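Chemist: Sharing the feature lines straight out of Swiss-Prot:
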{"type": "BINDING", "residues": "17, 59, 60, 61, 62, 63, 64, 253, 318, 390", "note": "ATP binding site"}
């Protein structure tokens, strides 16, 4: 991650409105990953990541920040829900599976990078295989390949192949047969399932099967096959583990849902158990994965939660201490809703305009229309449950309902969505609290 904090914030600004404090914290944490790697080896081991706790109501951008980070961070990244895990001894996934899943993500990322690195060599080898099908080499009576004078013909066909002139021609090729082993195991034993599948697939002989396909499709398949032959699996495992240990990022959502509430017991015991199981992973421990042992000392953890019922102080004190950076995300107001409708690169109004364009219908959202939509969403949030920006989706779906249904019969029309149009479509529902609760 060589982007500066300012560049990271700017990239997040293109998709997320407001919440500058959270963006800054995340940007600094990401940049510190790069800074740490520039330090001498001895000092580098001493610098641990400053984990982040994001606190804010639902629908203000916590999950969206995670989604955008996953695209920005050229590093192993995984987002998980805290509620999916149970403490050891209960039925369900154990928290160690977070690191195993992160190692799998890292392996996939490293393999993709290795394939891209070898793509040119793989492309040449794949072209040779296709040319062998199109122009089979001549063989003598003992089956040995003869030196022939078809080199010039081969070059002509290679040129046609690269220019795409042969793309739609069908050929029959030998491709590696995918061995699939289905194993049913109880919940919480996914790691055993994965290891058994790897074992049985490794025992199966490498088989090929004949498939008929267009040359452009055959070329893609063969490039992937040839690239896979050029990578060293053991080397990939080492690179994947190093990438996880030095650059891995884990985003844990809904962390507030595993807080112990008040003096209740029962199910809360398991919740507190999940927190206890998270402690060693966040602090630094070693987890066994199918790719090797992974140390979690330098993995960055970003946790988030609404904390509407529980409070951050309800987390175990030890866990609070392992999340030193606290960031509070603010509730969204009407002006924020207006910006969300227009400013992001793929704003909601732009999405609806482009969707309707596919039917030949031209949609125009006026400034006063957008203001009225934002006001309606804000008022419904105030009257009923506050679900933040997610309310805009339900309001817009209600607003666009008749247009979406009739669009295929209204090709060539231009529809202006102004304040009057929005009021006529939404007033009854917005004003009636019972209707708002069930429809919006």
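Glycine too: its Cβ is placed from the backbone N, Cα and C atoms.
Buried or exposed, and what's around them? Tell me for each listed feature.
Modeler: Secondary structure at residue 60 (ATP binding site), as computed by DSSP, is coil. Within the same chain, residues at least six positions away from residue 60 (ATP binding site) with a Cβ under 8 Å of its Cβ are 18, 19, 329, 330, 331, 332, 388, 389.
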Chemist: Where's the emptiest Cβ shell within 10 Å among the binding-site residues 64, 318?
Modeler: 318
Chemist: So if I draw a 10 Å sphere around the Cβ of residue 17 (ATP binding site), how many other Cβ atoms end up inside it?
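Modeler: The answer is 21 other Cβ atoms.
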Chemist: Going along the chain, which residues six or more apart from residue 62 (ATP binding site) have their CB under 8 A from its CB?
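Modeler: Residues satisfying the criterion: 22, 54, 56, 253, 304, 329.
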